[in-house]
Amino acid sequence: MDSLAWRVAALLLGLLVECTEAKKHCWYFEGLYPTYYICRPYEDCCGSRCCVRALSIQRLWYFWFLLMMGVLFCCGAGFFIRRRMYPPPLIEEPAFNVSYTRQPQNPTPGAQPLGLPYYTDPGGSGMNPAGNPVAMAFQVQPNSSQGSTAYPPPPSYCNTPPPPYEQVVKTK
């Protein structure tokens, strides 16, 4: 009898589930009177007593939400990685160009001392190139053989190896 009780309980439970299951109640007009029919929960009513299996993906709002969040995350991560791997070039200020006036080919005698023009310290005493070795190193050579006079040649000490440590310490 115990097994009979379990069978009856299972049957009643099955009927309860069948009755409470979410079903779609559909209807359509056949002439002047509506005709009612029932579709399963995963089906949609199609009009004339037929049920069509519904695409449930349109009802899954969380699927679309997660999909859009995934797309936004991938775009953001790609943008971040691209900016880190290929940073934009630094915007540099325009180069500070020092303009100077060239001396005429035939200068008036006594107007300026003979020699090539040179740069000195702006706050300096304006010494002669012979007295200022740094000014000698940065002399401008307007008639250079390179064809471009945009920059002065490198200082002469750039082409020689540095002095030994002992020599530098002894001179101080």
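Each residue, glycine too, has its Cβ placed from N, Cα and C.
Copied over from Swiss-Prot, here are the features:
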- 151-165: compositional bias 'Pro residues' (COMPBIAS)
- 142-172: region 'Disordered' (REGION)
- 1-22: signal peptide (SIGNAL)
- 23-60: topological domain 'Extracellular' (TOPO_DOM)
- 82-172: topological domain 'Cytoplasmic' (TOPO_DOM)
- 61-81: transmembrane segment (TRANSMEM)
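Here the topological domain 'Extracellular' (23-60) has no Cβ contact under 8 Å with any residue of the same chain six or more residues outside its ends. Residue counts for the compositional bias 'Pro residues' (151-165) by DSSP state, with H, G and I taken as helix and E and B as strand, are 5 helix, 0 strand, 10 coil.
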